[in-house]
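Engineer: Provided herewith is a single structure, encoded as structure tokens, for subsequent inquiry.
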Amino acid sequence: MNAHAALTLYTDGACLGNPGPGGWAFALVPSDVPFLETGQXAPEAAAFTRSGSAYPSTNNRMELCAVINALQEAHGRAAEAVVVVTDSQYVRKGITQWIHTWKHNGWKTAAKQPVKNKDLWEALSALADALSVEWRWVKGHAGDPYNELCDRLATDAARRAAQSTADCP
């Protein structure tokens, strides 16, 4: 991965009820920002952040919206390589393992059921295919500074979701 082009994108989604009001957030951390230890508070000024909401939604749709919006931002910055850090195994395994089978099976699961959130998976796949992406999983609510920042921003967005317009389908 080209260190000069690499951005680290932390993402998170939240839903108050499932389904219910949902929020998503990402933090874009340039490669020149110093590493933060577990438990340190991530200064919002050290990262570019964005959040949005949808109502009604689900936690999985919000996780996907967070990554889609983060990758759109990376594309807008002409990034060639990114690291995506998510606490969602659904997103990480979906994009690195399951999606290949879904596409091969005509967007059906191994159980022959339609893939949920196909619209978002297709959007994510197109964005990810245009970049060099390294996918990392981090345990949620375990003190990772930027994961905690995204969690807070996504939860705040979910709280506002009932009064706002949707930022992601």
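Placement of Cβ uses the backbone N, Cα and C atoms for every residue, glycine included.
As the structure is a computational prediction, the values presented were derived from the model and not from experiment.
OK, Swiss-Prot features for this one:
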- 3-159: domain 'RNase H type-1' (DOMAIN)
- Asp12, Asp151: Mg(2+) 2 binding site (BINDING)
- Asp12, Glu63, Asp87: Mg(2+) 1 binding site (BINDING)
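Map these features onto the structure and tell me what's around them.
Structural biologist: The number of other Cβ atoms within 10 Å of the Cβ belonging to Asp12 (Mg(2+) 2 binding site), over all protein chains shown, comes to 31.
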Engineer: Other residues near the Mg(2+) 1 site, CB within 8 A of the CB centroid of Asp12, Glu63, Asp87?
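Structural biologist: Everything else in range on the chain: Thr11, Gly13, Ala14, Met62, Ala66, Thr86, Ser88, Val91, Gly140, Asn147, Cys150, Asp151, Ala154.
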Engineer: How would DSSP class Asp87 (Mg(2+) 1 binding site) in three states?
Structural biologist: coil
Engineer: Could you check what DSSP calls Asp151 (Mg(2+) 2 binding site) once collapsed to helix, strand or coil?
Structural biologist: helix
Engineer: Roughly how many Å lie between the Cα atoms of Asp87 (Mg(2+) 1 binding site) and Asp12 (Mg(2+) 2 binding site), rounded to a whole value?
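Structural biologist: That comes out at 7 Å between the alpha carbons.
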Engineer: If you count other C-beta atoms within 10 angstroms, which of the binding-site residues Glu63, Asp87, Asp151 is the most crowded?
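Structural biologist: Sorting the candidates by Cβ neighbours within 10 Å, the top entry is Glu63.
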